[in-house]
């Protein structure tokens, strides 16, 4: 586990859920500096690109995350409608560029076809079940969403319930959520049902 640096803003919860032809990404609004809550209504989930066809959420150092979001937007311009390729190219840069290597953040990104997590270690990960979460409350939200995914609930309801559970457990997560939704292609599993 990385050493905790008190002068860097840590902690948040970001989750994405794919179900029923929708992809939903939700993030809390708390920004913490060490043990102090600095802001309660930050927007850590946003749309990218001119068309807004990609949604992204970040956890980690805020300035670092914004740098990575800008880089991802540039990659999306280079590789339009190719989220996986844009993310792989960003991950390569993030891993090999001397400046980018120092950035402390993680990102979740999604479009109508795919959801991916990007890390500073060069990882570009796709969830098996259409659910992925990052941040200090990520494991709580992920567990809750997986428990709810087979229930008769839509993607947004699952994301909200999972975020509420994370907010009740994780001290770095609050219940002021930003939620973005996209129409999504049905997964092969959903098509079979």
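Going from the start of the chain as shown, residues are counted 1 onward.
Just so you know, glycine gets a Cβ as well, placed from its N, Cα and C.
Listed in Swiss-Prot for this protein:
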| type | residues | note |
| --- | --- | --- |
| ACT_SITE | 12 | active site |
| BINDING | 167, 170, 173 | Na(+) binding site |
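Annotated features taken from Swiss-Prot, shown on the structure.
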residue	record	Cβ within 10 Å
12	active site	31
167	Na(+) binding site	21
170	Na(+) binding site	21
173	Na(+) binding site	30
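DSSP gives residue 173 (Na(+) binding site) a coil state; it is part of no helix or strand.
In this structure, the C-alpha atom of residue 167 (Na(+) binding site) lies 9 angstrom from that of residue 12 (active site). Cα of residue 173 (Na(+) binding site) to Cα of the residue listed as 'active site': a distance of 5 Å.
In this structure, the CA atom of residue 12 (active site) is 8 Å away from the CA atom of residue 170 (Na(+) binding site).
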